[in-house]
Amino acid sequence: MIQIQNLKKSFRTEEVETLALNGVNLKVAEGEFVAIMGPSGCGKSTLLNIIGMLDNPTDGSYKFAGHEVGGLKESQRTQLRKGNLGFVFQSFNLIDELTVFENVELPLIYLKMSKAERKEKVQKVLERMKIAHREKHFPQQLSGGQQQRVAIARAVVTNPKLILADEPTGNLDSKNGIEVMNLLTELNQEGTTIVMVTHSDRDSHYAHRVINLFDGQIVTESQNKPMGAMV
Amino acid sequence: MFKNNLKVAWRNLKSNKLFSGINIIGLSMGLTIVMLLFLFISHERSFDSMFPKKDRIQRVLLKTDGDFGFETWATVPPATALTMKEEVTNVESAARLLKHNFGRPASLRINNQNFTEDLFYWVDKELLTIFDIELVKGDAATALDRPGTVILSETAAQTYFNQENPIGQTILVDNNRELEVTGVYKDFPENSTLDADIMASSNGYWFYDRKSWGNASFETYCLLKDNVSVDATQTQIDQMLEANVTKEGRWYSFGLQPLSKVHLYSASYGNSYSSRIGDINEVRNLTYLAILILLIACVNYMNLTTARSQKRSKEVGISKTLGASSESLVGRFYVETGLITAISIVLGVALTMLLLPSFNSLTNQHLTMDLLLNPTFILAALGVWLVTTLFSGLYPSMYLSRFLPKEILSPSLKRGKGNVVIRKGLVVMQFAASTALIVGVMVIYQQTQYIQNKNLGFAADNVMAISIGGLRGDENRNALEQEFKNLSEVTAVSMAQGYPGMDVSGRTLRKNDTEEHGLNIQTNVTDAGIVDALKLHLLAGSSLPKFKSEKDTLVEVVLNKKAIDYLGFSPEEAIGKEVYIGIPNTIVGVVDDFNYESLHQPIGAYAFNNSTSEGKSFMLVRFKSGNLANTVADLKSTFTRIVPNLDFNYSFLDQNIARMYAREKRAGQISIVFCILAIFVAALGLFGLAAYTAEQRRKEIGIRKVLGASVGKISQMLSMDFAKLVVIALFIGFPMAYFSMENWLEGFAYRIDLQWWVFALAGTIALGIALLTVSFQSIRAALTNPTKSLRAE
């Protein structure tokens, strides 16, 4: 599903050019659950943003489901992203002015889905995430764990092929964190590919494969024994 | 503490270039306008303040009764001043002014040269003492004592006598009256209602001791004795009128107007001679406009400052944690506001200096920067600075200093809705004002166009009015007329007392000599050519007869439709009927109504007659359109050949008519300029506000983009929020505009109706400007890569 070859990304500030990614090669098969680890500033998030088509690489090739993404324009990337990709962030990134329902509904609106269809899908996913009773609440009125469940609901409501999670448990206590990881595992078992950036060893054990990034390069790769959902 | 505040304020100013720039540009533009208008208004208000006895000088006004439609005139009968001096004990002195030949230019012949003088007045010698007119040559006490004496302004002396000493020299007026120059006075300043270039003694002139209570043509000033009340004087004047004029002859009463009000409060009075008449309404409107623009600029400041509150909140939170009190923070924000307004004032003064020449040409003034250096202005500037600072700083400082450190330093920052509502309210206010201004400008423009293009009932184009007041003898006049008619470019010639747009004679039209009341009618002495010269529309009968012997005392008259409507005749019935306009007149023709006054006035009764009661001061010449320069040259050479001792002085009728609307034109131009500035300042504020809104919603925009929103969708969303505000503003601005413009149009007897599309267009323009301003920011925000805004905090 994801084929990355010799990927490079550099950032320019007024004086210095920093190489965030320096020749990354990575393949992710459909249905895989991959964790990316590494110290702060190693390029994890940059890699995730490129995989998520939020950013373009400076050099190298990135193929998503056979399509070369590297040189696409923003509008083309938006098109490709729509419905195919779901995002889960550490800081949830819910829109404060919208209710739980409206937050989850948003990606469907951008897919130009009919109102009835949207309603059905949103309610289904909210029930699944056990947050349906809060659908009229605003994000500020929810706990961290609940907010992240809403964010996951929003990420999966379009039935994406790939979910990108950027430290999804970073702002959660361990109980809520485990709950979120179980949710992701469940989704993975149903066939969704997941790429997750994490600092947490515990979380990395949920993945099939762990990639260690250091100074913009992959230094080690290790296979995990699938551990299944923890209860 | 203060120094520290100033330092922080200065650094803040420098670090936020966009914000500071918008604020300073907006405020300095607002302040520039305020300063320019201050100069204009203080000039208008300074009128006649240079006369030492100004507090005791009153102008006598005449108020007509119902038959004349309750008008107020600035001129009164010649007996008024004469009788006041004898019978009104509160009056120390009184003087009359008559502009030459009831407001016509004077032909002068000096040292065998011909001149035309527009500002020639016949005055009572008391005028010199009442106004303390200083003579640089001659003796003020005796200069106008003798009959046939005249004094000149320094400029006039220079023009007519060059380097020569004018004292003792002779001026021949209208080729029939010799005057001896006995003095030269200092030019009246720009801000004096008295504008005479030449003042001739009334002694020896026809009205000198004429105790007539008719012919209200004399501007009369009286000097009250020390410490007498105006009310008591008014009572005495009323008694004087009762004692001297029988009840039947009393179609008017007198009023008094203090000199300080003559300039600004006489715009609606008839028969003013001065060429310098102001209008308090204009001064007032401009004052409101200036305040409005300054307000818009202040609102910008408030808006932008509070919009930035999230950025500033951290600073406030830390200061408070470190022990700063709310009061000291209020102080800090005031220092910041004060700094910005101070910079804006300095810039404003510079801009004022830069723009003064353009402003002068726009307003037709000669304002100078001297005023900016006078203590009143400096004090006023300080006052404006203080008020602007206090007002602009009020909301931001209160708002920002109220933040609690707890909520400010906590990671999830959430502000109350109140701030947003007030900010939106301010934007609505600004755009309501801007929309109202746009409507106002369009209506003023439409009305001005309407006035220019209205069918006046006669053709004012291609008509020249040549002064022939100084042309003596019917033979000369007829010879000149004949020579003009022989020119191929000339299609019609008529001699007349006056032309449309000029005061002629006010009389009373009666059906018969026993009718008590009658109708006010304007009479204009002229001849057969008038219908062709003015292209009047003849409804019945013919123009005045071509030939009239000098001994013929019968007066023929051509009346307008209004007049025969009053008489109850149809145009055809009227022909041959006899009516009374002072004396019996025979109707020979009827013309359709035409606008002989400005369109502020409705059309009244008008008569062209061939009596000899008034002289004919103008030759009206209609010419073919084509080479104007050639036509003028031909007329001039013919004129100087036939009448070598007269200056060839002419004007064009259409230009004279346009001059009647000079004040409207000026008001229109000023309001267009100010309107554009006001909208610019408002748009500037909106631009800044949109920038900060986009910044505040950075994260939200990022999220939406990650979820698949396109650039178009995002910018649409951001722009729509502002568009809604503008739409609300329209609903506030429209009624404001409607009522104020209806009110303005009331002043015209002939006016346009307010049309819905003007409002629609104004709304579209306001909305368009707002969207254009906002979409720049919106698109920029929408184009930002979401990874930037979503990067972990």
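Cβ coordinates are placed from backbone N, Cα and C, and glycine is handled just like the others.
On a predicted model such as this, the values are computed, not experimentally measured, just so you know.
Feature list (source: TrEMBL):
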DOMAIN    B:20-239  domain 'MacB-like periplasmic core'
TRANSMEM  B:21-41  transmembrane segment
TRANSMEM  B:286-304  transmembrane segment
DOMAIN    B:289-402  domain 'ABC3 transporter permease C-terminal'
TRANSMEM  B:333-356  transmembrane segment
TRANSMEM  B:376-400  transmembrane segment
TRANSMEM  B:421-445  transmembrane segment
DOMAIN    B:435-633  domain 'MacB-like periplasmic core'
TRANSMEM  B:670-694  transmembrane segment
DOMAIN    B:672-785  domain 'ABC3 transporter permease C-terminal'
TRANSMEM  B:722-741  transmembrane segment
TRANSMEM  B:756-776  transmembrane segment
> What stretch in B:333-356, B:421-445, B:756-776 has the biggest tally of Cβ pairs under 8 Å against the transmembrane segment (B:286-304)?
Replying inline: B:421-445
> If you count Cβ pairs under 8 Å, which stretch among B:21-41, B:421-445, B:670-694, B:722-741, B:756-776 touches the transmembrane segment (B:376-400) the most?
Replying inline: B:21-41
> Which stretch, B:21-41, B:333-356, B:670-694, B:756-776, tops the Cβ pairs under 8 Å count with the transmembrane segment (B:421-445)?
Replying inline: B:670-694
> Could you count the residues of the domain 'ABC3 transporter permease C-terminal' (B:672-785) that DSSP puts in helix, in strand and in coil?
Replying inline: 97 helix, 0 strand, 17 coil
>> Can you work out which residues elsewhere in the same chain, 6+ from the ends of the transmembrane segment (B:722-741), have a Cβ less than 8 Å from its Cβ atoms?
In response: 424, 427-437, 439-440, 443, 686, 690, 754, 759, 762-763, 766-767, 770-771, 774
> Do you know the DSSP helix, strand and coil residue counts for the domain 'ABC3 transporter permease C-terminal' (B:289-402)?
Replying inline: 101 helix, 0 strand, 13 coil
> Same chain, outside the transmembrane segment (B:756-776) by at least 6, Cβ under 8 Å from its Cβ: which residues?
Replying inline: 431, 434-435, 438-439, 442-443, 446, 679, 683, 686-687, 690, 715, 718-719, 722-723, 725-727, 729-730, 733-734, 737-738
>> Need one number: mean pLDDT over the domain 'MacB-like periplasmic core' (B:20-239).
In response: 91
